[in-house]
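*Asks:* Before we start, here is the structure in question, set down as structure tokens.
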């Protein structure tokens, strides 16, 4: 059978010159559907030989591709392992229709390898058959590769078998892109499960290349298909598989039954780097291919197998007479199987049916004939009976007709009634719909009117606030000018007034100071403070105060005039947490000129009560300046600490700042106090008439994107050198802290280090109100008399604060691992710094079996690194007396005194850790850690960084204070250096298993609020690890605690509404001690929004923004203080081009607000002022949708630069979409969660490992490998504690937490 088309070159082929197939080939039946047409079983008319005929419509666009395919088939199909090309024909069509091209090729009657595998028991071929088929495929590929042709589509469906078990390749070369023999193309790349990684990379990146060795990878996947019934990843969506193939390790055989030769062959074929993959010639010499039984035996075995499978298929198909292809042919044609080579003549099935029909008709005709003959015989025998019979039949027919007519009329009547009922029902529905529509329109009009009214009201409110801001900004400018004019004069007055011999460490302004010597602004502030004190302060009413003047800022402790005079004239303190009896330090920071001050009504009148934390005047070289033991009792025992609110602006405290003391008979201005359990716990009686300062820190885990150097430079300073025999250690502490803080990010106001205005926070400048620029430069110490009794705690409702200054109080930081109770945690000894965790190292070890009285680092003990001086002032935990309640809801008691002045040794507390619900995560069995220990080295000398404690003159009194130790707990104070044991992070988990999946969590004080699929619970981390159910049958997707606002913000419920719960209401659900709170509604919604996907709380200055991602819009709300006390709409951006999945807000250079959001396409920005939306970064190399993980703003960039994390990558860009670093962060695997933690690092949780990386460079700092794959999810973090959850099969979850080494946090 010759080739009907002449052997011409590609350019010379003329499709119109091809012959018509009529009389040469005829079509028998369809065996498959292709994209461009159908594949038929055909037959040569003269010889009866079978052929596969692909019928395609010829269009002008595809004519060149068809010519190229014909040329390829003619050139390279003459090989024993490639289906032979017989010829091409053109079947002419009427004008206006496309002609049909018939491509005639060798017919492989046994079907494809995929068919064979599917019809095999167990869906797996024997190893001998697999080796034989692989060898034949390799021979065909060797032929193609020798002619520089890449098949590009090796898979089971393109490897066909003949009746004699010969193996033939089909659909190679250009045809792989043009069509699929016996199957249609699903996507532009076909099914990707057999594709090599380099081919996929070439689809993603046009610059990538690949060669003929991509066919070797496809051969390896086909071998797995023959062994296991399907290729790897076949249960996934094709686009998902396309994404995973280049990223996953090479697939392997699942079963262990296969020989080593076979597994080695597959491993060799599936080498991911195609340059290392062997060519076909080498694989033909591979033992698995070379060492085979004789070909005859294998082919006989295969033929028997083919025959058996055909018989099975024949039994299934014996009731089917015709076959037609279906659209799902590519999935199901293998099940149907190939028809037998013994052909049914066309029309045979039709003849069979016709024959059966004729037989049936003959049978019925014979029966009718018999009945007619019987009737004639009866008629002849009895004519009268016959007449009667006819009349009877006639009467019966008449009655039947009447009955039929009656039935028809009845049916018509019923149909008419039914139609009437339907019409009435339809009319009623229309009326109901119209009524509903009218009602909805009325409600919509009312809502629109209400919305307009609210908008006008909010607009008027914002205009009033803006006017107040402008007035106070102008007032602040005038104060700055006055201070600049008077600064030199004040310094001269100070030097004249203070003689060297009379210098004291603390300056007391008493009656001897002439008020005329003060600047005008100081007198005005003093006057306002006095008015507030008289009006608001209950202390002022109970105890008359003398009108002692407040000191001006310029009257500081003696310092060299040169360096100090170069300090910017207007400075502001670090934003403190308002509340009663807080120990505050006014760290001054240059105030930017564009700062928008807060309203005067808040900044001048809401002065918080303050206690004094005094600074030494150690910077003066004059020995007379050293304090003497006769220093005022108010100055003793005070603790200096830096407010470590992550949203505050101040740099680290100056080593030598000025200090002022308010006289003990003058009370500061009084404001509504925050009466929480923390505050009441510190109402303790003190010896010497001095009250320990309280340090409470405000924090919000969602807002920790600022430069850590500004927040962590904790300076440890004594109150008085005269009572400080170990003063040298304090100097060492100061040096150590200074060494562990970057000078460029934490400018310290000292004579040797001048403040630089440009060294500002990385987040856009957050200038505070001028209240802090003025009022909080005065650090006040309020003295208490010795006989003053501690105040009892107020009712539970009072524990929650309504202060607008506090974001969330971090009373605990020992995180439940033997930490003090909440009430005592903030006392100076138990906790002198809001970031105690960041300067001490705590390792909680296995809690199961602990020796009795181990004094050193061991299981069940909390080892806190301290210097010997601090040992003296250690305060142990106070038992709160409520053993079954979490600390966040318990009142606190006064500490008891120990006459010996030392903390007595206690029994080992191993059982207590078990009672708290803590177990070892098993850190040495579940997680294998690989950490670069260099990042966890402390930043100072070889000494450990001590916990700041009260020292000095009040140290003896404080040493006598100890707390009732919680039952069984131990705090082991070990002065030896145990850093070597605690350099690496520790992982622990809570024994409690949650029945449903944990979706989110947030720290509420010391305890953890946990949101699951089925409700909200509180995990008591300070007590026995008990779990309290708060809200049931409601899904909680995301949450944040704002303790200062008494709020828990959530996305919850089936409709994903943004709900705000009141913490006082949640607290009362545990205590049940306030009926008034129970009567109130415990939550409210923010707006009428449904379908919230994500939100972010962002604090700028004193404004708290709430940015919310909805289905196709972003809403921005801002917190409005009293009398509104709610989140109010600020901006709305609807009809965004992409659906926001992740959202954040930045303030560029302290001036421009921008919303940054991530979508499935990339990352985008919206300018808040103009509303313009634009793309920041679109990962064009990923053609499928992406999953955005995190938007992280980099430190020291004024909110302009960020790290965008998505999929398993991260890029550094600025807010205008420009790449700023030639670095792409690459995770080791696809993370399920990515989070920025306070140590200036990012963590990624994957199924196989937890990775810790530097946020600045993407450098890998540490890895925790899981012993088994598990799904982990980040929950929240605070200081050096990171909480995450594991989700097991069945939906059960457990809470883990990782304790990072605190020294690494100080070593930025």
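Yeah, the Cβs are placed from backbone N, Cα and C, and that goes for glycine too.
Reproduced below are the annotations present in Swiss-Prot:
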type	residues	note
DOMAIN	25-289	domain 'Protein kinase'
BINDING	31, 32, 33, 34, 35, 36, 37, 38, 39, 54	ATP binding site
ACT_SITE	153	active site, proton acceptor
REGION	299-347	region 'Disordered'
COMPBIAS	317-333	compositional bias 'Acidic residues'
MOD_RES	324	phosphoserine
MOD_RES	326	phosphoserine
REGION	363-383	region 'Disordered'
COMPBIAS	371-380	compositional bias 'Low complexity'
REGION	395-862	region 'Disordered'
COMPBIAS	396-466	compositional bias 'Basic and acidic residues'
COMPBIAS	479-497	compositional bias 'Low complexity'
MOD_RES	503	omega-N-methylarginine
MOD_RES	511	omega-N-methylarginine
COMPBIAS	520-530	compositional bias 'Basic and acidic residues'
COMPBIAS	600-610	compositional bias 'Polar residues'
COMPBIAS	623-633	compositional bias 'Low complexity'
MOD_RES	644	phosphoserine
COMPBIAS	673-685	compositional bias 'Polar residues'
COMPBIAS	702-714	compositional bias 'Basic and acidic residues'
MOD_RES	720	phosphoserine
MOD_RES	729	phosphoserine
MOD_RES	745	phosphoserine
MOD_RES	746	phosphoserine
MOD_RES	750	phosphoserine
COMPBIAS	773-797	compositional bias 'Basic and acidic residues'
COMPBIAS	804-820	compositional bias 'Acidic residues'
MOD_RES	867	phosphothreonine
REGION	881-918	region 'Disordered'
COMPBIAS	891-905	compositional bias 'Polar residues'
*Asks:* Rounded to a whole number, how many Å is the Cα of residue 39 (ATP binding site) away from the Cα of the residue listed as 'active site, proton acceptor'?
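*Replies:* Between the Cα atoms of residue 39 (ATP binding site) and the residue listed as 'active site, proton acceptor', the distance comes to 18 Å.
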*Asks:* Run through the compositional bias 'Basic and acidic residues' (396-466) and tell me, per DSSP, how many residues are helix, strand and coil.
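*Replies:* For that range the per-state counts are 71 helix, 0 strand, 0 coil.
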*Asks:* On the 0 to 100 scale, where does the mean pLDDT of the domain 'Protein kinase' (25-289) fall?
*Replies:* 85
*Asks:* Provide, as an integer number of angstrom, the distance between the C-alpha atoms of residue 153 (active site, proton acceptor) and residue 31 (ATP binding site).
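*Replies:* Roughly 20 Å, rounded to the nearest whole number.
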*Asks:* Give me the count of other Cβ atoms within 10 A of the Cβ belonging to residue 153 (active site, proton acceptor).
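*Replies:* Counting Cβ neighbours of residue 153 (active site, proton acceptor) within 10 Å gives 25.
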*Asks:* Looking only at the compositional bias 'Low complexity' (479-497), how are its residues distributed among DSSP helix, strand and coil?
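*Replies:* Helix/strand/coil tally for the compositional bias 'Low complexity' (479-497): 19 helix, 0 strand, 0 coil.
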*Asks:* Return the count of C-beta atoms lying within 10 angstroms of the C-beta of residue 31 (ATP binding site), excluding that atom itself.
*Replies:* 24
*Asks:* Tell me the Cβ neighbour count for residue 39 (ATP binding site), meaning other Cβ atoms within 10 Å of its Cβ, over all protein chains shown.
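*Replies:* I get 25 for this one.
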*Asks:* Determine, from DSSP, whether residue 31 (ATP binding site) sits in helix, strand or coil.
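*Replies:* Once the DSSP labels are grouped into three classes, residue 31 (ATP binding site) ends up as strand.
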